[in-house]
Structures are given as C-alpha cells and as structure tokens.
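Down below is the structure, laid out as structure tokens.
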Amino acid sequence: MAKWAIAIHGGAGVDPNLPEQRQEEAKRLLSRCLQIGVDTLKARQSAVDVVELVVRELESDPMFNSGRGSALTAKGTVEMEASIMDGRQRRCGAVSGLTTVKNPVSLARLVMDRSPHSYLAFAGAEEFAREQGVETVDNSYFITEENIGMLKLAKEANTILFDYRIPLPGADTCSASVGSLVPDTSLQMNGLPISIYSPETVGCVVVDSTGNCAAATSTGGLMNKKSGRIGDSPLIGSGTYACDLCAISCTGEGEAIIRSTLARDVAAVMEYKGLNLQEAVDFVVKERLDEGQAGLIAVSRNGEVACKFNSNGMFRGCATEDGYMEVGIWE
Amino acid sequence: MGWAIALHGGAGDIPVDLPTDKRAPREATLRRCLDLGVAALKAGHSPLDVVELVARELENCPYFNAGRGSVLTTNGTVEMEASIMDGTSKGCGCVSGLTTVVNPISLARVVMEKTPHIYLAFDGAEAFAREQGLETRDQSYFITEQNIERLKQAKEANRVQIDYTQPQPIKEQAIPRSEGDSQIGTVGCVAVDRNGNLASATSTGKMVGRIGDTPVIGAGTYANTICAVSATGKGESIIRNTIARDVAALMEYKGLSLKDAANQVIANAPKGTVGLVAVTDKGDVAMPFNTTGMFRACAVEDGHSEIAIW
C-alpha cells in the first residue's frame, strides 16, 4: 500500500506587511482545507476526488484569489479559470473565462470526465456548465468589497507611480498594509506593488493510498487584467501537471510559469534526469524561472511532498501519512 | 551549421489516393511557403519574423485549416487560435476564440510584444486586435465554398442516421471525415537562423468555445535555445503528452538527438494522433508523424529540401 500525501497552496507572492490577523486567518483556512484533504485520504478516496474537493473549499472561501474573492479584471468583473489532471493516463480538463460557475475546478473536472475535449472557454464553457447543470450564480457573487478597493489601487499603481495627494480608499479595512499608506513599490509581482498584488491561484496536489497522483489549480487571475487574459492556471504543463510519477500545482507570475512550462518540467527532470522530487523541485525553481517569481507544490508517488518558491512567501500547507502536518506563509 | 526551416499543413488521416485536384494546390502552397521562408532566412530575417511570415501565408491559403479555410462548426462559423514562441527570449504570445482577425499568428505576436500578458482570448483578444489596428474581416471571408459544401454534406450524412420521425437538433460537432481534410488541423512553422536563434509558430481553426493544443505553450508550440517545435493532430493527445515541450526536454535532460527525441515523443502518443516539425540550433530537422500523413516541407542551408504528404 502506497503512502498518501497532500499539499495545498493559496498563492505565491505575499505582502511582507500583511497584518498578523490576516496571516492567522489565512493559516486557519489552510489548516481547515488541509484537514479536509487528510480526512478524505484516510477514507481512501481517489487522488482526483480529493484535489477537486479541497480546491472547491478554497474556491468557496473569499480569502484567496479563486472562485469567490477572485481578483477583478480591468472592467471590475470576475473571470475565472481552472484545470485538473489525473496522473493515471494523464487525463485532463481545463476551463477559462468563467463568469457564473460557482466552482470552476468542478467544471474542469466535468470537461475531463464528460466531454471529448480538454479545454473549454468563455461562452463555450458557460454553455457546457448549463448543459451539465452545475451551480451557477451572478458574477457579483464572486466580487468582494476588498477586491473592489484593490482594483482601484491597482489601477492607480499602474498609471502613476504614487501620488501622495490621493488618499488611499479603505486603507484601514483592506489587506494593504495598515501601518503604512504607501504601497510597497520596492517589492513587485507581475508589475504590481506587492501590497496590491493578489497572490494568484489556489491549488492542491495529492498522492492517494494506491499511489496515484492528481493536481488541480484554480484562479481569478491577475488583478486589473485585460478581459480575456488567460494565465498559467488552466494550462496543462504550465500551472498544473500530473503523471504516474508526481503531481504539481504552480502559482505566481503566470507569464514566467508558462514560459518555463514549470509544472511539466518538474516531472520531466524526474523522468529524464532521474532526480527525486525535492531535487526536481529545487532545480526547476532555481534554474527555470529566470527573473520570474513563482512557487509550486508537488507530491510524488512515493508519498513525498515538496514546496518551493522564489517569491516573497507562499500560502501553503502539507501533510503526509506518517503524521507530518504543517501550514506556512514565509520561508 | 546554417539556417533551417520546416513547416506543416496538418497531420491526419490523409487518404493516399487523394485526388490530384486536392493534392496539387496543397503541394503548391507548401512549395510557395517554403520558398518564402527560405528567402527570408537567406536575407537574414530573424526566425521570429520568418515563422510569422510563413504562418501568415499558410493562414491565407484556403486549403489548410487555419485563418481562411478554417474548419466550420455546424453553425457555419469559424473560430481561430494561434501561438508563437521566441526561443532566444522564451517570449510567447497566444490567442484563442478569434472570429474576425485575418492573421491570428500576427495577433499572437502582438500580444507577446505589446502586452505584459502571454495569452488573450475571445472578446478581449478581438478588442485588442482592433486597438492594434490588425486587419479584420467579416466571417464570410474565412468561409470557403469548399467548406460550405463539406458542411452541407456532413449535415446530410448526419440526417440519414437520424430517425426521420423525430428530427434531432444537430449539436455542435466536428465535421465528420471527408477526404481526410477535416481531420487536418493546424498549420505551423519552425525556423533557425545562422546564429542558432530559434522560433516556432502554430495556427488553427477550431470548434466554437473549445481550445485545443495550438495556443497551449508546451503542447502545440515550444521553442528555447535548443530546438523549436510545432505540433499537429488530436488536441487532447498533444496536450496531455506535452508534445512540443517533451521533444526539447528529452534533448535537454536526457541528451537525445533531435531525431531520437522527436521519434520517441511521436511513438509515445497514441497511433494516428500526432505529427510535428522541429529544428535545432545546429540546423537539424525532423518531421515525424504517426498518422497516415502530414502535409510538410523543409529546407536546410546546405541545399537539401523536401515536400511531402505521406
């Protein structure tokens, strides 16, 4: 019997001034979702069922950038994307441009299981959602007050470096640094000051008790993105990958992740260079990201788990069958 | 070492008894595109310019499934996608869900060079094309008589299978095989210049709302400093096998030659589903496929050139 293992993430690239309270809230959410994953693994559920279930939980909570609480497009709407991959036979499903589907990862699963296609997007994906009878809601369901505030800051940050005459709206309520009114422009992710940047994506990777691996990733994407912008999360090989050796989910600067086909590369160096999971993860983050900032979580069929990031923090949690369980944000 | 170029007009179930009137214009197009690409390389154009140029030419040709001549959905509409990658910078640009942009590959290049993003799709991509002043045409431009006729035949064929007493709504579906053309997805081009710079471009027509392998970096398109690859065939197979990336990964991580890497990748995919063209920084070329045929052409600086289907 193989050993199970699970890792989850809530995004890479965290504001170093994130208030203590927010950090605690995030860790509580990570612990809760991790526990759900652990319980279902102990109950011998399959890897692909577990990753879907855990990512659904992460999507439903507004804390992280996926489902409810997704980052907003330049138009102030939400456009979500997700992908899921089953290491057995490497079946996969992906969706982009969702505006009403409550749980994008579940639609991605349906694309994998119930359609002859791998990737559906925008109107085609929404239509498929209706055909399949998945739960849909108004776009406003996904939009939080906090993100409306963040979008405004992001637009200001994109157009002007910083104008001290303009008071930052909601500086006392949103997760931008409470102690300082100046966005920390020294640390940037994807062109945005880190206090405004919304760590992209949530994800989960699992190896179950039969040794099968699966991965799933879901996101609202980049804050203030052009409508129609697709990131790495729905792209198999970039944001998500699973095969019989391992499963990976990535987060961070989407463009850097795509360029380096980050998720696939972890598996490729294991497969073609014979590296073990940790070596593969270290190699890829160090050698393949160039100047990009990103992080990833990974599990191997041997029950190992690995997390790595070159960004400022990554919301994450890991657990293995021999009792190890930990959540974290910083290095 | 020297420059090299390879291009394809799609891999699939191309019947070996393809009539001359279908075969000749396609071979002529491959010849024309090859000559265009070779002339550009000889003139010292960058591989990125070369692959875009050739892909545009292939998109404009109504005989291949990309741009004009894209396969039609049952609604008689066209939706296109493309991607381009610069091996030197690893910059990439991808587009999906285009309905009016005459040259999808050019929009992909503009996304790469003029936005902080890599991938734009649907309304956002169409709006961006207009902002950037790219040529757009009404849907009717992309629809060829040939494809209208094929769509008509397909619908008639489907009706025969349906119980006449209960007319069924015809759902969105791929046009069933006829003369092997409808299985032919995608056009692509890879090139390397005398300095070893590489680039890859792939473009195709798609069913509405569905994204295939073509705009997925690592699946349909990939280029780095070692090789450039453009794949064609069954989208699902290309995506889950990360075809384009794997050729490069086998060379990079396992030290295989282009020939061995390309052959292995093709052999590991289900038979009848994929083909690819690839070049390396050293000027090697490979064009393997596990389908019945693949419209293809290649040329290298030492004078060798080839145009083939099976």
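Keep in mind that glycine also has a Cβ here, set from the backbone N, Cα and C atoms.
The active site, nucleophile feature in TrEMBL is assigned to B:THR186. Feature annotation from TrEMBL assigns substrate binding site to B:ARG210, B:ILE211, B:GLY212, B:ASP213, B:THR232, B:GLY233, B:LYS234, B:GLY235.
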Can you check what DSSP calls B:GLY235 (substrate binding site), collapsed to helix, strand or coil?
helix
Counting other Cβ atoms within 10 Å of each residue's Cβ, which of the binding-site residues B:ARG210, B:LYS234 comes out lowest?
B:LYS234
List which of the recorded positions B:THR186, B:ARG210, B:GLY212, B:THR232 have a Cβ under 8 Å from any Cβ of chain A, in sequence order, or say none.
B:ARG210, B:GLY212
Going along the chain, which residues six or more apart from B:ASP213 (substrate binding site) have their CB under 8 A from its CB?
B:ALA219, B:GLY220, B:ALA231, B:GLY235, B:GLU236, B:ILE238, B:ILE239, B:ILE243
What whole-number distance in angstrom separates the two most remote CA atoms of the substrate-binding residues B:ARG210, B:ILE211, B:GLY212, B:ASP213, B:THR232, B:GLY233, B:LYS234, B:GLY235?
16
Within 10 Å of the Cβ of B:GLY212 (substrate binding site), how many other Cβ atoms can you find? Include all protein chains, please.
26
Report, in whole Å, the straight Cα-to-Cα distance of B:THR186 (active site, nucleophile) from B:GLY212 (substrate binding site).
10
Integer Cα-Cα distance in angstrom, B:THR232 (substrate binding site) to B:THR186 (active site, nucleophile):
6
Any idea what the Cα distance is from B:GLY233 (substrate binding site) over to the residue listed as 'active site, nucleophile', rounded to a whole Å?
8
Take the Cβ of B:THR232 (substrate binding site) and count every other Cβ within 10 Å, whichever protein chain it belongs to.
33
Spatial neighbours of the residue listed as 'active site, nucleophile' that are distant in sequence (at least 6 apart) but have CB under 8 A:
B:HIS8, B:GLY10, B:ALA11, B:ASN65, B:ALA66, B:THR202, B:SER203, B:THR204, B:THR214, B:GLY220, B:ALA231, B:THR232, B:GLY233
